[in-house]
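Annotated features, as they stand in TrEMBL:
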DOMAIN    14-216  domain 'Protein kinase'
BINDING   Lys49  ATP binding site
Amino acid sequence: MAGPGWGLPRLDGFILTERLGSGTYATVYKAYAKKDTREVVAIKCVAKKSLNKASVENLLTEIEILKGIRHPHIVQLKDFQWDNDNIYLIMEFCAGGDLSRFIHTRRILPEKVARVFMQQLASALKFLHERNISHLDLKPQNILLSSLEKPHLKLADFGFAQHMSPWDEKHVLRGSPLYMAPEMVCQRQYDARVDLWSTGVILYAPTSAPTLLRLP
């Protein structure tokens with residue numbers, strides 16, 4: 001259950017230790033299991049009172065998608081729980097933070113590093129698209145690093161993800177404007193290939209255009 005007041009939430013089986021970040025609907029905490037393993041996890045805490053119909057549908061889709069997939073470059077959903085106030089997604093913990101922070105500390109990524117990262121991201125996207133899943137919110141903030149010593153990319157935050165076959169077309173605006181494909185920005189019909197445009201922007205920014213890194 002969630003704890004009262006301004007303290008950290010309480011969740012059966014876990015001890016929450018610090019807040020990692022927050023967004024419109026959710027706050028993410030670092031935690032560890034009370035079991036003998038003391039496994040470190042990230043817990044995404046979604047306040048029920050903040051959810052509207054669309055965000056409920058997005059959350060249910062996110063859980064459904066993550067429950068059914070396992071890939072070395074996609075953050076793993078280990079479990080989920082709920083109480084009267086919150087829904088908790090218990091996720092794999094990535095100690096290296098997100099790609100945005102990694103890039104900002106280095107300004108420009110060497111081509112060799114960028115190439116390895118893009119190969120890992122492409123592997124995750126190929127896996128998703130083969131299963132007719134589109135992420136639809138690709139950006140450095142939604143790409144985590146397993147560690148800083150030997151970083152491996154982990155695609156995260158499937159809050160806008162959708163089941164889309166290659167011939168499906170959508171027109172609903174999703175994602176972050178800086179990384180959106182033109183047809184999505186112009187509110188035209190789009191298909192699963194919009195993920196490829198976002199991937200191109202992610203690759204371009206840290207290798208050749210440091211001014212992009214200052215944009216939201």
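Cβ from N, Cα, C; glycine included.
Mean model confidence of the domain 'Protein kinase' (14-216) amounts to 89 (pLDDT, 0 to 100 scale). With a cut-off of 8 Å between CB atoms and residues at least 6 apart in sequence, the same chain places Asp85 near the residue listed as 'ATP binding site', listed in sequence order.
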